[in-house]
Amino acid sequence: MPVPESQLERWSHQGATTTAKKTHESIRAALDRYKWPKGKPEVYLQGSYKNSTNIRGDSDVDVVVQLNSVFMNNLTAEQKRRFGFVKSDYTWNDFYSDVERALTDYYGASKVRRGRKTLKVETTYLPADVVVCIQYRKYPPNRKSEDDYIEGMTFYVPSEDRWVVNYPKLHYENGAAKNQQTNEWYKPTIRMFKNARTYLIEQGAPQDLAPSYFLECLLYNVPDSKFGGTFKDTFCSVINWLKRADLSKFRCQNGQDDLFGEFPEQWSEEKARRFLRYMDDLWTGWGQ
């Protein structure tokens, strides 16, 4: 029998946000005390707590610490000269060290450690993953001025010797817009599928069944008309549409990157199809 409407509705509920807000405020307080050599950085949430897609059990809070007085871009050397851009003597490595020092001074050395991509901070509230980044400017081919760019952020991964570029502000803005376009069904639907995934993992499904970011981006590509009515309607409409869709054309919620590909920040079509099969089996096998 299918999953009951009451169960799907429970799965759509948002998790608590108060402690995440206090975690964010704690990180901000730590950074406010520091004397920054190149101006105070911008501090903001990203991830499920920012996007209102957090569910019960979500723990780590993603906090972005972004330096805007220094930036990277996609311009050629000649284009940079034309705009008068010069190389900064204050690098991402310098900024990373300053952020690490600010957090260590506030929380203590035992509470701050380096992760692969983030600084892991144990606050008195929730653990925080602090992304230390600088502004990234993506200029279009026919740019009109130095201010004609799409804002992202970028950070270095030392263990892999590469830079990562992401667009968390666009991810948030596009998700908020889609939520409005679907009469506020989009974000509850994300939470419904996240909880369904968690339920399946608890029943023995693979731990990497559908990472939250990829799941959110997958659902972003579903037409607005497939959301709404009842949660049963939405579950079936979304899954049935995705099973027939050409996944190779899917974009991330930020609108800038392909969802599927070979880079570490991309998903695989095979794993997305696997997720859809698990959702199918959940729907048809509920209660058995």
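Any Cβ shown, glycine's included, is placed from N, Cα and C.
These figures come from a predicted structure and were not determined experimentally.
Residues or ranges marked as UTP binding site in Swiss-Prot: Gln46, Asp62, Arg116, Lys117, Thr118, Leu119, Lys120, Asn166. A sphere of 10 angstroms centred on the C-beta of Arg116 (UTP binding site) encloses 9 other C-beta atoms. The secondary structure of Arg116 (UTP binding site), as reduced to three states from DSSP, is coil rather than helix or strand.
Around Ser212 (ATP binding site), taking its Cβ as the centre, 19 other Cβ atoms fall within 10 Å, counting all chains. Look at Swiss-Prot and you will find Gln46, Gly47, Ser48, Lys194, Ser212, Glu265 tagged as ATP binding site.
Long-range neighbours of Asp60 (Mg(2+) binding site) (same chain, six or more residues apart, CB within less than 8 Å of its CB): Leu126, Pro127, Ala128, Asp129. Annotation source Swiss-Prot lists Mg(2+) binding site at Asp60, Asp62, Asp129.
Within its own chain, the region 'Disordered' (1-23) is flanked in space by residues 45, 49, 52-58, 61, 63, 123, 125-126, 128, 187-189, 191-196, 199, 230-232, 235, 282-284, 286-287, which lie at least six positions past its ends and keep a Cβ under 8 Å from the stretch. Positions annotated as region 'Disordered' by Swiss-Prot: 1-23.
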Original post:
So which binding-site residues are near Glu265 (ATP binding site), with CA atoms within 10 Å, out of Gln46, Lys117, Thr118, Asn166?
Top reply: Asn166
Subject >> Cβ contacts of Ser48 (ATP binding site) (under 8 Å, same chain, 6 or more positions away) >> reply: Asn54, Ile55, Asp58, Asp62, Ser212
Subject >> Number of Cβ atoms other than its own within 10 Å, given for Lys117 (UTP binding site) >> reply: 16
Original post:
Can you give the largest Cα to Cα distance in Å, as a whole number, for the residues Gln46, Gly47, Ser48, Lys194, Ser212, Glu265 that bind ATP in the record?
Top reply: 19
